[in-house]
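In TrEMBL this protein carries:
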- H273: active site (ACT_SITE)
- D327: active site (ACT_SITE)
Amino acid sequence: MVDSQNAEDSIACFSPGLAGIPVAESAVSYVDGKKGYLEYRGIDIEQLAEKSSFEESSYLLLYGELPTAKELKAFDEKLKHHRRIKFRIRDMMKCFPESAHPMDSLQATVAALGMFYPFPTNLEGELDKETIDSVCVNLISKMPTLVAAHARMRHGDDPIAPRDDLSHAANFYYMLTGDEPYPLTERILDVAFIVHAEHEMNASTFSALVTASTHADPYTSISAAIGALSGPLHGGANEDVLHMLDEIGSVDNVEDYFNRKLAKREKFAGLGHRVYKTKDPRATLLQKLYVELTEKVGVDTTYEIARQIEKLSRSTLGAKGVCPNVDFYSGIVYRKMGIPTDLFTPIFAIARVSGWLAHWKEQLGQGRIYRPSQIYTGKYGQSYVPVEER
Ligand SMILES: CC(=O)SCCNC(=O)CCNC(=O)[C@H](O)C(C)(C)COP(=O)(O)OP(=O)(O)OC[C@H]1O[C@@H](n2cnc3c(N)ncnc32)[C@H](O)[C@@H]1OP(=O)(O)O
Ligand SMILES: O=C([O-])CC(=O)C(=O)O
């Protein structure tokens, strides 16, 4: 029986990729895609990049206001206290194939964390603040440790234990390399974390919220978000940008490569965005960080190739609003710090977990289960045919 009224309602609202369809009310962040402007809790991302730290910006996202000095100290201490991971999680990682992508490892280990920190799944009643806070702190604290431990163990190196005298950014760099970063490296990594921390209703945040709307536990929800972030149309694009720049190899090859790809109507990694129709403000900030990082040594070929692509895209794709997004310049910054290409998206996840959790907290106890509709395009009323008659 066809419910034609139902089908018509669905058709009236159908928007491929949910483009332009609001799926939640949220006060976490605001994007003006025409102006290329982004705010976390009403504060411009440029100000946060210049003046804040990842720890402080995470507090802002989670609690809605900038912390007082006392609140920030307490939050920072909690983050430092929870950096260690269980030895069983480390042992589990040792069993992953050496070739495993670090995003797959991260997704699996975050899901596994949920087994060690059970969370009430019946969310009908009030959840106490401490339970919610401890989940947020645990995940933000442990994600860098999970990424660094896997990155080392896949090469047969021992993981490096976290240090509680280092900032979130410096400690991650230390656990990855065994060295404390120079102050400029620490600052640049910190700013990269800040600008990646949140971006309203993107695909990974939506995945987290869809999963959480079933009252699945937050570790499962964040694991779902990590899976969505890994795709090359989303966070995975930062890795693909570097593959593209490496493939081009020299500034002389850019024009030919660009025109060939354009003629085939292929997409360029790191360009285009559902919301921004101008250059993503985070791309501008990351580009500045790269220039700052290379001030003494000068920019390298990879950056020159990227700039040339940006220039060519302006005259060919600019009218469509296809411009550099956050993923276009981030990898160039990380490579300059000596970070392997397949860790670029995990670094995005280390930062974005604060935004995912801010949305998870906001939705707790108020969201309905996400259950959209579909437009059925199949057959109706078919008779079953026994196998011998087919
Ligand atoms: C953190 C992030 O997730 S930022 C985004 C990271 N992703 C990437 O960099 C991957 C490359 N970019 C893309 O694939 C897309 O721009 C997305 C996925 C980001 C956005 O997709 P949508 O909003 O669905 O845009 P859609 O794919 O419909 O593109 C609209 C038009 O711009 C063109 N376009 C979009 N992105 C690109 C690109 N990277 N290169 C060339 N053309 C592009 C499309 O071909 C399309 O043109 P048409 O109207 O002539 O057919
Ligand atoms: O908003 C989006 O669709 C993607 C994005 O830029 C992000 O998640 O940072």
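Glycine residues also receive a Cβ, built from the backbone N, Cα and C atoms like all the rest.
In the three-state DSSP assignment, the secondary structure recorded for H273 (active site) is coil. Neighbour list (H273 (active site), Cβ cut-off 8 Å, at least 6 residues apart, same chain): G33, D280, C323, N325.
D327 (active site) carries a helical DSSP state (H, G or I).
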